[in-house]
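Database features (Swiss-Prot):
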type     : residues      : note
TOPO_DOM : 1-32          : topological domain 'Extracellular'
CARBOHYD : Asn3          : N-linked glycosylation site
TOPO_DOM : 56-65         : topological domain 'Cytoplasmic'
BINDING  : Asp75, Ser117 : Na(+) binding site
TOPO_DOM : 89-104        : topological domain 'Extracellular'
TOPO_DOM : 127-146       : topological domain 'Cytoplasmic'
TOPO_DOM : 171-186       : topological domain 'Extracellular'
TOPO_DOM : 209-284       : topological domain 'Cytoplasmic'
REGION   : 225-261       : region 'Disordered'
TOPO_DOM : 308-316       : topological domain 'Extracellular'
TOPO_DOM : 340-357       : topological domain 'Cytoplasmic'
Amino acid sequence: MGNRSAADADGLLAGRGPGTGGGAGSPGAAAALVGGVLLIGAVLAGNALVCVSVAAERALQTPTNYFIVSLAAADLLLALLVLPLFVYSEVQGGVWQFSPGLCDALMAMDVMLCTASIFNLCAISADRFVAVAVPLSYNRQSGGGRQLLLIGATWLLSAAVAAPVLCGLNDARGRDPAVCRLEDRDYVVYSSVCSFFLPCPVMLLLYWATFRGLRRWEAARRTKLHGRRPRRPSGPGPPPPEAVETPEAPEAIPTPDATLAEPALPASEERRAKITGRERKAMRVLPVVVGAFLVCWTPFFVVHITGALCPACAVPPRLVSAVTWLGYVNSALNPLIYTVFNAEFRAVFRKALRLCC
């Protein structure tokens, strides 16, 4: 990997360079300060509530929600370690007023936490695909070990992607100390591909295969249910007692906590069926989480890699700043998504708010 300086580019990563704002005391600086404080507060409150809810409520302790807690942890670290310095830089008009070493640490944390978010979403898609493709094998090995292993791998890989920044890669000749950004164009391309452009298609393909498998299983199950229903006699007279139909139990989607159940579950399987229902609810929210992530982060990575691949292209600093803000807003969206689309999260959130207020 080369070490070509990007000093002639305006803020390849987060727009933290001169010209991104109006300077301290300007209306733009005031808006950045108010927006930044609100964003940090929303990210901290929402994601802390997600972690506490899963830890305190047994109904939320499902394999999918283990990954959601890991995702919330990445957002919490972003709000604690990255956003305060980013907001301060925006308030100062994009001028970096701290040491280059702190800038490198900020860039590394920024890359690692964004990468951890997308890798966690990829890990969820891989876990769901295995649960649907080979459910019997998955159930024999269930118990949280696989999920914890995947979560550990996502964080190790994320740290590996970000590590070069802390190993001197960002120390380019002619570096402007008033600008905090990634200085090596080759690394910008490498990190963009590893953090976004490579994992996103893999994740979407796995989700497509997972939900396609679920639809096939549901269709086969409905066919089996229909075939087992007793037929009514063709002649007159009331049907015999055994032919009287009873309301059918709600259908369950196969998940890691239950094998592919038969249409009629015996009493001993009731608890397993309930866990299946919980996991189904957890899976329902995932496409919305993935969609929100792609909407918020795709513009950032497109602008990010364009500035690296096309040095002659003038990427306006304000555009870089705007897409960076949009990406960070995603960290506050996930708790809102869980509240809207998951009744169990909603109930626990209400309970927690009643205790606090």
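One-based numbering along the chain as shown.
Just so you know, glycine gets a Cβ as well, placed from its N, Cα and C.
Model confidence over the topological domain 'Extracellular' (1-32) is summarised by a mean pLDDT of 54. For Asp75 (Na(+) binding site), the same-chain residues lying six or more positions away in sequence with a CB closer than 8 A to its CB are Val43, Asn47, Leu113, Ser117, Ser331, Ala332, Asn334. For Ser117 (Na(+) binding site), the count of additional Cβ atoms within 10 Å of its Cβ stands at 25 [all protein chains shown]. For the topological domain 'Cytoplasmic' (340-357), residue counts in helix, strand and coil come to 16 helix, 0 strand, 2 coil, using DSSP.
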